[in-house]
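J.: Grabbed the feature section from Swiss-Prot, which reads as follows:
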- 20-271: domain 'Protein kinase' (DOMAIN)
- Thr25: phosphothreonine (MOD_RES)
- Leu26, Gly27, Lys28, Gly29, Asn30, Phe31, Ala32, Val33, Val34, Lys49: ATP binding site (BINDING)
- Lys53: N6-acetyllysine (MOD_RES)
- Asp142: active site, proton acceptor (ACT_SITE)
- Thr175: phosphothreonine (MOD_RES)
- Ser534: phosphoserine (MOD_RES)
- 564-586: region 'Disordered' (REGION)
- Ser587: phosphoserine (MOD_RES)
- 630-674: region 'Disordered' (REGION)
- 648-659: compositional bias 'Low complexity' (COMPBIAS)
- 742-776: region 'Disordered' (REGION)
- 742-756: compositional bias 'Low complexity' (COMPBIAS)
- 765-774: compositional bias 'Polar residues' (COMPBIAS)
- 800-895: region 'Disordered' (REGION)
- 808-820: compositional bias 'Low complexity' (COMPBIAS)
Amino acid sequence: MVMADGPRHLQRGPVRVGFYDIEGTLGKGNFAVVKLGRHRITKTEVAIKIIDKSQLDAVNLEKIYREVQIMKMLDHPHIIKLYQVMETKSMLYLVTEYAKNGEIFDYLANHGRLNESEARRKFWQILSAVDYCHGRKIVHRDLKAENLLLDNNMNIKIADFSFGNFFKSGELLATWRGSPPYAAPEVFEGQQYEGPQLDIWSMGVVLYVLVCGALPFDGPTLPILRQRVLEGRFRIPYFMSEDCEHLIRRMLVLDPSKRLTIAQIKEHKWMLIEVPVQRPVLYPQEQENEPSIGEFNEQVLRLMHSLGIDQQKTIESLQNKSYNHFAAIYFLLVERLKSHRSSFPVEQRLDGRQRRPSAIAEQTVAKAQTVGLPVTMHSPNMRLLRSALLPQASNVEAFSFPASGCQAETAFMEEECVDTPKVNGCLLDPVPPVLVRKGCQSLPSNMMETSIDEGLETEGEAEEDPAHAFEAFQSTRSGQRRHTLSEVTNQLVVMPGAGKIFSMNDSPSLDSVDSEYDMGSVQRDLNFLEDNPSLKDIMLANQPSPRKTSPFISLRPTNPAMQALSSQKREVHNRSPVSFREGRRASDTSLTQGIVAFRQHLQNLARTKGILELNKVQLLYEQIGPEADPNLAPAAPQLQDHASSCPQEEVSQQQESVSTLPASVHPQLSPRQSLETQYLQHRLQKPSLLSKAQNTCQLYCKEPPRSLEQQLQEHRLQQKRLFLQKQSQLQAYFNQMQIAESSYPQPSQQLPLPRQETPPPSQQAPPFSLTQPLSPVLEPSSEQMQYSPFLSQYQEMQLQPLPSTSSPRAAPLPTQLQQQQPPPPPPPPPPRQPGAAPAPLQFSYQTCELPSAAPPAPDYPTPCQYPVDGAQQSDLTGPDCPRSPGLQEAPSSYDPLALSELPGLFDCEMLDAVDPQHNGYVLAN
């Protein structure tokens, strides 16, 4: 049986599973599919997870049954409720609660981060649900934004207990599973762990995601992500309060024993700022022992009895926890009653156990059945009717299974495969009237959002295509159901003939600087409606002022921080308001002014898949070895790999112009490295990522291939290092030259001589000495340069003497110094006797006798840059300065010293980095 191609108002979906009409597909997986169903009796929407047991092995089948066992034990307002379990020979049907507003992942991707007040309310709900699970010795092990759903009142519902397990206090678990960005470090290391501590870490990541709109630990590959998690360092944005930062840091502790417990989290200062009101229990929670008849909701039992459902069988089903049709109808009716009562203020609610049975309520229920009025138990303050847009609803392929499951496909479509009891009546569709409430509080808790891929557990690899969703929307425009795609607020836009209502938001918070995105629940379905000209014409025609055009068409509230930007840039930043640019925290030591802190927006990331045996990457690390991991290499080779295409000037230019770049240009920032280092790495990260994409084994620690340019840089760097270790002859030559040039003796200066000499007490020390080895920038070249002998600004140089020779004019330099290859070590100079006259020196210029009363040397405050050739000019980063007058008035008897292969001296240090425009070095004065 397949779905008919006729209009939906002629045939309401012929596909049925038990009492449920299948209305659409929420998600698909390899062995399961999640369908949107509606109960024929209660008219309640449910999510039906249909599992093909024939495609599962024993291990996965056991995991499915354990998930069912766990969900049967859980009954919490912030956990997805299990209504019914139906099983045939080859199929398993899990009927669960349906969260209309989808994943909080999608909400954050569309609306950006939450303010701390809203994040605190959400986190209290998550904390209460996890505490409830831990109290029943159940650990979730896969808490993430994709598994946190939002109901019609924007309350949290935890879903997907497929990775859940039971634990005992003091006993460790040994199975490693979870989602990598949310997994604790002990899971990556393959250690045994305690279940509650694992959930505490995941909740810390979730809280960070709620407040920041980005992941604290992220990486392009699993090994990089693993390394960042094991380091445990993450970035704290400027807008995060100190109390929130303290709480997150105490939860994301590498040592599991030092993490906060749930009781400590509840008592934390940040959590106590706003404590939620404890709502009374609408119906009693099932205890471990069998409940008595009086503990069930008598009002629901009477309503079921009026529908012709045997009350005794219902009670037996509830006591036996059979989760059959009787229990499902009971649970669904209880949920409708809860939805009805939740519309009233908390102070006016009473516990069901404290109330006497109301005859007026019973008469109201009876009138609802006799007169035929709908029993409207939905919240009257609902500001939005959920859209009935069902993606893939009219396609036959929406019910497709794997090729081997074709027989099972027809099995779950036949109603006869599931036994259903006979029911005399049913409730009518709970469609409340459209309410235009001007006094509603503009809070996300009153808002709803229609999502294309809403659902319980989206197991498909890809999301729904917006183009397909638009086709589905166009195909359902003629249906009889009302589609409300936006908030029902002050101004309505009615599409004639279609029965659909669009709304224009007239909230002043769109223009308020203090707005924290309270109005940020605009439907994602309208993203593809922007291309519909008829919709735009209708909306523009119904608007009294053009001021409302921009917020509605752009579908994003105005970011107050981006008021000064142009409309194009404002649209980019409003999509995810975590693109903060100013205001630094003292605890965030790695932030640099002018660099945007986050670029890994949730809207740019794919959903995180849960992974079994997450510690396999640890085994690969042990097999391959740490040398294959580029992140484990020392800092110098890492920068050699990543920094060869980014000069230092370009970094400064990028920092100056970063505020004018669009959001997509900035690199993703590592929480563990300085921004300059990260920027240098990002320049070569793109080609390495392309190579990783071509080779799938790059995912596991394999080093990306180096280019020839990178290998040449490393080779040249190694040659330079060897050359610097063997330049004693060059230092000796400079030492001899400085001794001969002591033409401006200063009696007040007594500077040390080179270590090789032991001068007599009467000998005057030369005013120049080299106290540190030559700069690594020195490298022989094939050209000559002019060298000025005035070096009075370098008064701390210490040079070594050359071997004595009898020639007054020597050859310029030994030939081995003119070669690129490292020279052999020179012979040591002969020792000098104390008191002996200094040997004749080798100079390439004539010596001269100086007058006895020489004027003192002029003071040179700043070093001057000597004229060099083009190749060496790039090596010099000292500032240019004009030659001082004292140099211009020097005696003309000095010939300029022409040294081959000799660049200028610099009192500088070399940063251990590679720069192609500076011949492989980045110099700092």
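Here, residue 1 is simply the first one shown, and the rest follow in order.
Using N, Cα and C of the backbone, Cβ positions are placed for all residues, glycine too.
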J.: Quick check on the binding-site residues: of Leu26, Ala32, whose CB has the lowest count of neighbouring CB atoms inside 10 Å?
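T.: Least crowded of the binding-site residues Leu26, Ala32, by Cβ count within 10 Å, is Ala32.
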J.: List the residues of the same chain that sit at least 6 positions away from Lys53 (N6-acetyllysine) in sequence and have their Cβ under 8 Å from its Cβ, in sequence order, or write 'none'.
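T.: Result: Leu61, Ile64, Ser90, Met91, Leu92.
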J.: If I take the Cα of Thr25 (phosphothreonine) as reference, which of the recorded positions Ala32, Val34, Asp142 has the closest Cα?
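T.: In terms of Cα distance, Thr25 (phosphothreonine) lies closest to Val34.
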J.: Could you tell me which three-state DSSP class Thr175 (phosphothreonine) falls into?
T.: coil
J.: Just how spread out is the ATP site if you go by the largest Cα to Cα distance in Å among Leu26, Gly27, Lys28, Gly29, Asn30, Phe31, Ala32, Val33, Val34, Lys49?
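T.: About 14 Å separates the two most distant Cα atoms.
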J.: How long is the line from the C-alpha of the residue listed as 'active site, proton acceptor' to the C-alpha of Asn30 (ATP binding site), rounded to the nearest angstrom?
T.: 19
J.: To the nearest Å, how far is the Cα of Thr175 (phosphothreonine) from the Cα of Val34 (ATP binding site)?
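T.: Between the alpha carbons of Thr175 (phosphothreonine) and Val34 (ATP binding site) there are 27 Å.
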J.: Note the mean pLDDT of the domain 'Protein kinase' (20-271), expressed as a whole number.
T.: 91
J.: Which is it, of Asn30, Asp142: the one of these recorded positions whose Cβ has the most other Cβ atoms within 10 Å?
T.: Asp142
J.: According to DSSP, which kind of secondary structure is Asn30 (ATP binding site) found in, if we only use helix, strand and coil?
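T.: SS state of Asn30 (ATP binding site) = coil.
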J.: For the modified residues Thr25, Thr175, which one has the sparsest Cβ surroundings, going by other Cβ atoms within 10 Å?
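T.: Each of the modified residues Thr25, Thr175 was scored by Cβ atoms within 10 Å; lowest is Thr175.
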